[in-house]
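Everything below concerns the one structure shown next.
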Amino acid sequence: MLYYFLKYINDIYHFPALRVIDYLTFRASAAAITALLITLLIGPKLIAYLKQRIIEPIKEEAPPEHRKKKQLPTMGGLLIIFAFELSVFLWAKVDSPHVWLVMVAVLWMGAVGFLDDYLKVVKKVKGGLAAHYKLIGQVLLGLLVGLYAWFDPSMAVLRDTTTVPFFKNLTINYGIFYVPVVIFIITAISNAVNLTDGLDGLAAGTSAIAFIGLAGFAYLAGNAVYATYLNIPFIQGGGEVAIVSMALVMACVGFLWFNSNPAEIIMGDTGSLALGSAMAVIALLIKQELLLPLMAGVFVLETFSVSLQVLYFKYTRKRTGEGKRIFLMAPLHHHFQLKGWAEQKIVIRFWIMAILFFLASLMTLKLR
């Protein structure tokens, strides 16, 4: 909204200084700084409020070191969501579907996560919101995004062919499978981020790194010259997604101020599901959904460790009568906890892995 106001003032009075409002880099930086300041200013008040009302119990199955931690207020994802929504509302073109689809995704899955946290912490419902209800929420969001892209003529490029990373002339046409693909990606990534949210600063830090990568690709995809040169799909209006992504980056960084070890608050499903859905929708909007598993490699590894653990346990129990495990505990970060690694060391090493995945995704721009 601030963008429209400043543009209106500039159109009337022609202030040279206000011309910067037309530059994506300026508005992306402004949105990022705004999101950071909002989290830093509101964070202490939200933490104080939630400490009196919303305390997350430590799971019984958690590693011994994890159970020693003091109980913390949850639903910290509300801070991320508020900072993101307000900064984007101020600096982005909110009438663009590339912007409001991400805003809706964050609000929608944030609401699903909030309900889960509320049931677990306030109503003391073991397990919180049933898994199939979460799945319904994810599927409904996927249907909204997929069907809107399918029927809106301005977004026709999204449902057409997409490029394949590492292959210069290889493309895939989803055809009638576009909407199911959208549903799968949103469900998979939102669950992956949710699984990763198990240590102080882990999900927020790795998410911030992934959003930096998405911001870069969004900026390139929104520029016809860069997109053509780099052989990636050109997305008309896709540059606005860079503003959205940078707001998410700094909302996560601001949250890390309070969530780094020892954490004062945790994001809960309110934050993890919102961040995961935003990551998926952004990748879909800039036609980088096939690159997302690499860019979000840490989340993929965490999910893979859980799937592999469950499948191997069931397989060995069926074959031998006794289930065996590959990892000491899944997701993967708990495996390293049980091996005696300090929590800070696990988190920082996972951040380093996230940076490596981010750099590898950048390499695909030329390795084609």
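Cβ atoms here come from the backbone N, Cα and C positions, even for glycine.
If you look up Swiss-Prot, you'll see 30-50, 72-92, 99-119, 135-155, 170-190, 201-221, 238-258, 265-286, 345-365 marked as transmembrane segment.
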Let me spell it out: take the transmembrane segment (72-92), skip the flanking residues so only those 6+ beyond its ends count, and list any with a Cβ under 8 Å from a Cβ in it. 1-3, 27-28, 30-32, 34-36, 38-39, 42-43, 46-47, 50-51, 53-56, 99, 102-103, 106-107, 110, 113-114, 117-118, 121, 204, 240, 243-244, 247-248, 250-252, 254-255, 258-259, 263-275, 278
Which stretch from 135-155, 201-221, 265-286 shares the most C-beta pairs under 8 Å with the transmembrane segment (238-258)? 201-221
Pairs of Cβ atoms less than 8 Å apart decide it: which stretch in 30-50, 135-155, 201-221, 265-286 has the most with the transmembrane segment (99-119)? 265-286
Any chance the transmembrane segment (265-286) and the transmembrane segment (201-221) are in contact, meaning at least three CB pairs closer than 8 A with a sequence separation of 6+? yes
If you count CB pairs under 8 A between the transmembrane segment (201-221) and each of 30-50, 170-190, 345-365, the winner is 345-365
